[in-house]
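Presented below is the structure to which this report refers.
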Amino acid sequence: MATTNNKNLTITEKVYVRVRLANEADISHIYKLFYQIHEYHNYTHLYKATESSLCDLLFKANPNPLFYGPSVLLLEVSPTPFENTKKDEKFKPVLKTFDLRATVEDKEAEEFKSKSCGDEKEDVFIAGYAFFYANYSCFYDKAGIYFESLYFRESYRKLGMGSLLFGTVASIAANNGFASVEGIVAVWNKKSYDFYVNMGVEIFDEFRYGKLVGDALQKYADKEKA
């Protein structure tokens, strides 16, 4: 059951979910979701992307085979079933129904209304994303998947959807011959830490994450090219 009022969405009892591969029509939503995760971590001052630069990164300038270049899966929700979902030629969408223990109040529904349903449904809204790409390590003889980030808008957290989205990425890795799924886990976020452990992720405490960026990186630039 669902109601809409002043661009807000209220869902009770059941919510229908679809995980699909993002495309160029989704770029404005991806940009907003990426900004929101920077807000969550208090890193908005580091967010340099634009819709145009993201579109180039994810689609126009991405010549890599499927899932080897920067890839985004979107998790969409609807108060009504996805009955006539068209199959993406690259990736078969994953469908699931969630029984709600509490009412979902989405005050951003209109802003995140899906523009790329492919099945003429008007009541589809983007709830979250997974961003990942291939990585390589001398520990393995084939590529792995680097899981860059998983994010849900506040209205759709703690509903079990994270397990579906991360599990879909893990399934992609297992079914396409990747060696691993790897990423960074924030040790300060116990809920996130416990989530990944419960999903089967092994945490290596003896390693620390390092980054060379900004002015520190530019010190290595070829001065003759300046």
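Including glycine, each Cβ sits where the backbone N, Cα and C put it.
Pulled from Swiss-Prot:
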type: DOMAIN; residues: 72-222; note: domain 'N-acetyltransferase'
type: REGION; residues: 29-45; note: region 'Important in binding site and for catalytic activity'
type: SITE; residues: ARG157; note: site 'Important for catalytic activity'
type: SITE; residues: GLY160; note: site 'Important for catalytic activity'
type: SITE; residues: GLY162; note: site 'Important for catalytic activity'
Close in space but at least six residues away in sequence, with Cβ under 8 Å from that of GLY162 (site 'Important for catalytic activity'), the same-chain residues are GLY128, LEU150, PHE152, PHE195
What is the total of other Cβ atoms whose distance to the Cβ of ARG157 (site 'Important for catalytic activity') is within 10 Å?
13
Spatial neighbours of GLY160 (site 'Important for catalytic activity') that are distant in sequence (at least 6 apart) but have CB under 8 A
PHE98
Across the region 'Important in binding site and for catalytic activity' (29-45), what are the DSSP residue counts per state (helix, strand, coil)?
14 helix, 0 strand, 3 coil
